[in-house]
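Okay, so here's the structure we're looking at.
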Number of protein chains: 2
Amino acid sequence: MSDPKPPQTTPQTTPMQHALAQAEAARARGEVPVGAVITDAKGLVIAANGNRIIEHADPTAHAEMLVIREATKVLKNERLVDCNLYVTLEPCPMCAGAISLARIKRLYYGAADEKAGGAEHGVRLFSHPSCHHRPEIYGGIDETACATILREFFSAKR
Amino acid sequence: MSDPKPPQTTPQTTPMQHALAQAEAARARGEVPVGAVITDAKGLVIAANGNRIIEHADPTAHAEMLVIREATKVLKNERLVDCNLYVTLEPCPMCAGAISLARIKRLYYGAADEKAGGAEHGVRLFSHPSCHHRPEIYGGIDETACATILREFFSAKR
């Protein structure tokens, strides 16, 4: 008799892969394909969303803003002190400001945004002396996949 | 017989007075007293709100963000191209970013915010070459009233 089968393992999904799936879903809705997730102190995903600017006719409906608002609802707390945010594209100044206000612990992003980014490009908000909370920042996570989905989206638009 | 009475005149309220009333309402809710309104191309107020950070447990629930989202819903348009925003306090970087994304035409603010402002202090978002849309900016509107309500609020907290 053979040994009993090992317990079925669930394929592991990293938070950035989860954010990429949200970017894919955004693309399917005709939105600029950017996705984001927030994980809690245990590393569990507590909020996931993609851009909904067109859907909501709302220029502030960036993936990061939506997950920050979702996560504060989940935790019933306006401060996400032990939470990490994963986003497929470097946040713009608005989102960088929101990340700072929300006291996000670590920011992981995929593709850099040299034109419209506000974290490590443009105003470099977190490096400015007026910034009251600076997350740890890790760029270039799954960079190729995160950049490719954006490049393909804009190529198809032209 | 005397002449008929002239038509009853309605007391005029300026948009900034309207924003100040929203700041007062925010104070009554225990929020940092900041209020904002958005006027449309005809100068009519189409959105008015105050901070709701505590109420919504949401660090992004600044008065400016709320009225931008309200105005886009009213106009069913993500771009507020012919709209003006009046806010009792200089916007922070998050709100300045949202104002730029929403293509607000003119920004009128009351009190300057030397510590946390992002329009004419701090990162001075609109002056940065990476900023894609810069509104016309008029600071110091009803400055004394706008600053007093904030000063009184923080004095009472101490």
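The backbone N, Cα and C atoms fix where each Cβ goes, and this holds for glycine too.
Given the structure is predicted, the values throughout are model-derived calculations rather than measurements.
Annotated domain 'CMP/dCMP-type deaminase' per TrEMBL: A:10-120, in sequence order.
Feature annotation from TrEMBL assigns Zn(2+) binding site to A:H62, A:C92, A:C95. Every protein chain considered, the tally of other Cβ atoms within 10 Å of the Cβ of A:H62 (Zn(2+) binding site) stands at 29.
In the three-state DSSP reading, A:E64 (active site, proton donor) counts as helix. Summarising the annotation, TrEMBL assigns active site, proton donor to A:E64.
Non-local contacts of A:C92 (Zn(2+) binding site) by the CB criterion (under 8 A, 6+ apart in sequence, same chain) comprise A:H62, A:D113, A:A116, A:G117, A:G118. DSSP assigns A:C95 (Zn(2+) binding site) to a helix in the three-state reduction. With a 10 A radius on its CB, A:C95 (Zn(2+) binding site) counts 31 other CB atoms from all the protein chains.
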